[in-house]
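Asks: Take this structure first; my questions come after.
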């Protein structure tokens, strides 16, 4: 069967950038910048992107393009005879499944909160009411299951149409809207009264804060984020290299994708940090930032339902472009490894992802007593730790050595 290709260079860049751009750009990167020294942290992060992130991204693209396969068969196609590099395929597929096991759950939350914001559920709500609303969602198993399954079903429906008519078309649409929403939200945030202090916290170099956190910790945080932000190390980018025409320059495309991803991460900080400071709210990070802190802000401003709806639509698209991209990696893995048709691969993968997403969902209610990484941790934290702190850097090292 002839390998599919992207319909345009813009499509390739937007799909690949959509895979890289995700919730980590929004709920993690701005907080890291503020806590680890502002512009000084950003500089270290950019250095790691240049010396580690972009080279690994080029490696993934080159392996995919040279083999014309996903991670399922690319190493077997290219490895020297007698070597065992083909075992790398399991790092890729296990990492992709683990990532989607919690990413689909978060995507479901975002879509649900988009609807809640548009309906005006947070208008005039107190801090206690917003916090209680999120706790209620976490404890409501049917709601959690429904929105997780919805994200999975919609994602696989997009993928069933293939690269050009499915993944590329959907990603171009979502990324275009995402970029417009991002600029609108950032402009609105930085012009709030009192936002200037937040901008200083976010961008001005604070070497005392770096020393307080520990230079080693700052460097490790920047290194980890540079791997996580580009989704490198699990073959998610390799699949797009396999759909890439031979005449494109790998380094140039990798730089364009990294620049777009970094721009979104930096702009997300301008959306969140100034708004938090304008209302005297501690920015924080993770789910509490997105589902408690931000709704608290929108509850206090005129037109909060509109701005809240736009913000969660922005986040939903950021998460969903990653979901669709990684789903495509999983589907292609099955097609290349087992010789299945796209339809069969979509059907089997959809059932598996939905079932494997349930432990993460249950970890916030039925299985909340299971705290694998210590008090207050969840199954999602464990899955995130395995992917972000282990599989992504180890997989990236493997690509460089190969």
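Heads up, the Cβ atoms here are built off N, Cα and C, so glycines get one too.
Fair warning: this is a prediction, and the values are worked out from it, not measured in the lab.
In case it helps, TrEMBL gives these features for our protein:
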TRANSMEM  12-30  transmembrane segment
TRANSMEM  36-58  transmembrane segment
TRANSMEM  90-112  transmembrane segment
TRANSMEM  144-163  transmembrane segment
TRANSMEM  175-195  transmembrane segment
TRANSMEM  215-243  transmembrane segment
TRANSMEM  255-281  transmembrane segment
TRANSMEM  305-327  transmembrane segment
TRANSMEM  347-367  transmembrane segment
Asks: Restricting to the same chain and to residues at least six past its boundaries, which positions have a Cβ under 8 Å from a Cβ of the transmembrane segment (12-30)?
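Replies: Same-chain contacts beyond the ends: 6, 103, 106, 110, 167-168, 171-172, 174-176, 178, 202, 225, 228-231, 236-237, 240, 243-244, 248, 253, 256-258, 260-261, 264-266, 268-269, 271-273, 283, 285-287, 289-290, 315, 318-319, 321-322, 324-326.
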Asks: If we skip the immediate neighbours and take only residues 6+ beyond the ends of the transmembrane segment (36-58), which ones have a Cβ under 8 Å from one of its Cβ atoms?
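Replies: Result: 201-207, 209-210, 213, 217-219, 221-223, 225-227, 229-230, 232-233, 237, 250-251, 254-255, 257-258, 262, 266, 396, 399-400.
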Asks: For the transmembrane segment (175-195) and the transmembrane segment (255-281), check the count of CB pairs under 8 Å (sequence separation 6 or more) and say whether it reaches 3 or more.
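Replies: Since 3 or more Cβ pairs under 8 Å link them, the transmembrane segment (175-195) and the transmembrane segment (255-281) do come into contact.
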Asks: Sort out the residues at least 6 away from either end of the transmembrane segment (215-243), same chain, that have Cβ-Cβ distances under 8 Å to it, and list them.
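Replies: Cβ under 8 Å, 6 or more out: 3-6, 12, 15-16, 19-20, 22, 24-25, 28-29, 32, 36-37, 40-41, 44-45, 47-49, 52-53, 56-57, 60-65, 67-71, 74, 89, 91-93, 95-96, 99, 163, 250, 257-258, 261-262, 265, 322, 325-326, 328-329, 332-333, 387-389, 391-396, 398-399.
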